[in-house]
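Colleague: So that we are looking at the same thing, I have put the structure below in structure tokens.
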Amino acid sequence: MSEKIAVLGAGSWGSILASVLDENGNDVRLWSYNPKQVEELNTAHTNSHYIKDFKFSPSLVAYSDLASALADVQTILFVVPTKAVRSVAGQVATILQKTGIQPALIHASKGIEQKTYKRISQVLAEEIPAANRKSITVLSGPSHAEDVARHDLTLVTAASESLDAAKHTQKLFMTNYFRVYTNPDIIGVEIGAALKNIIALGAGALHGLGYGDNAKAALMTRGLAEISRLGTSFGADPMTFIGLSGVGDIIVTATSANSRNWRAGDELGRGEALDDVINHMGMVIEGVATTKAAYELSKQRGVSMPITEAIYQVLYEGKDIRTAISDLMQREGRSEF
Ligand SMILES: NC(=O)C1=CN([C@@H]2O[C@H](COP(=O)(O)OP(=O)(O)OC[C@H]3O[C@@H](n4cnc5c(N)ncnc54)[C@H](O)[C@@H]3O)[C@@H](O)[C@H]2O)C=CC1
Ligand SMILES: O=C(CO)COP(=O)(O)O
């Protein structure tokens, strides 16, 4: 199977997914809005700010002009940070309207839009009227770009309301080190993908504060319980949260220094200020904005999310982390389920 594919967003994840698609024999156009990055990708075949010590194949071509990247493509993969999805999708829609092509739409971003609380697939469906809403697919799961770059074994999920669309994504990405499952539950997969970053921030903070394995296991388990409560309130399948995009992604992001969210939490736990952490990371820390969206959603829907609320208070209300942890521990005793 070989297709013309545009990958939009050349950060660590976009560029490595583009590389997987390129290795699979596709004609891949990697788009970035940063011309310097495009030049580096096309001349040195590196993307040094986002992915260290990795050489891309010269067959992978980068574009700074979106219309050229989209010319005649059969598939578009969106991998920009959540806050940029709507504006990039709007630009794509204008170009697709002019050219009349109707490519398959996949995304691999992990977040929830601020204020509208929409999932990424909902934003894409709204902005790109030509899209077949039911066939939009999300690719998600425990998958740090750094590990995929060195061909470490990686298992992810392609979720879509359309099984044909999910299978199409599965075929595009499958390699001997990158295995893709299908899942019809796009709601559960997108919610798990977004909210695990809140737990990764918390796990990093526990590490930075010097807490041990019991505390981290407790946070991951009870964090998953509240993600599952919010997800099922939207009709997600509870089983999704014990799959790759749920517990799988919590394990990888909440235990690894490759995770930007975990690292940000670690630095906060060591006493650094949030603004400083964001500034020197130089890459997206999705969990910061997702904490706000999830906290507001939980209040709107009456879903109990005490860990998310505690992290919201630390990030947005200046609450001391140790006080937040102590308050969580001293909540009234209750039944586990
Ligand atoms: N890095 C990873 O291992 C993984 C990341 N993800 C998700 O993929 C998404 C992208 O993450 P990364 O590639 O890691 O981010 P990154 O921070 O490494 O790169 C983001 C890229 O988006 C571009 N960008 C930023 N604002 C833009 C805008 N307004 N318009 C167009 N382009 C813009 C930047 O120039 C950069 O190339 C996030 O939602 C993240 O949660 C998902 C799985 C793994
Ligand atoms: O989603 C990821 C791995 O599955 C990447 O997480 P970070 O954005 O925290 O690096």
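Glycine residues also receive a Cβ, built from the backbone N, Cα and C atoms like all the rest.
No curator has checked TrEMBL annotations; they are predicted automatically.
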Colleague: Quick check: of K83, K98, K110, which does TrEMBL put in the same substrate site as R260, N261?
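Modeller: Of K83, K98, K110, K110 joins R260, N261 in the substrate site that TrEMBL records.
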Colleague: Do you know which of A130, A131, A145 TrEMBL groups with G9, A10, G11, S12, W13, G14, R260 in the NAD(+) site?
Modeller: A145
Colleague: Name the residue, out of Y50, Y177, Y181, that TrEMBL lists for the same NADPH site as S12, W13, K110, A145, R260, V284, E286, please.
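Modeller: Of the residues offered, the record points to Y50.
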Colleague: Please state whether DSSP places G11 (NAD(+) binding site) in a helix, a strand or coil.
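Modeller: Looking at the DSSP assignment, G11 (NAD(+) binding site) belongs to neither helix nor strand, so coil.
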Colleague: List nothing but the one residue from D249, E286 whose Cβ has the fewest other Cβ atoms within 10 Å; the candidates are the binding-site residues.
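Modeller: Each of the binding-site residues D249, E286 was scored; lowest Cβ tally within 10 Å is E286.
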Colleague: Hey, does DSSP put G141 (sn-glycerol 3-phosphate binding site) in a helix, a strand, or just coil?
Modeller: coil
Colleague: What binding-site residues in the list G14, K196, D249, S259, R260 lie within 10 angstroms of K110 (NADPH binding site), counting C-alpha atoms?
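Modeller: Of everything listed, what lies within 10 Å of K110 (NADPH binding site) (Cα to Cα) is K196.
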Colleague: What counts of helix, strand and coil residues does DSSP assign across the domain 'Glycerol-3-phosphate dehydrogenase NAD-dependent C-terminal' (185-325)?
Modeller: 112 helix, 0 strand, 29 coil
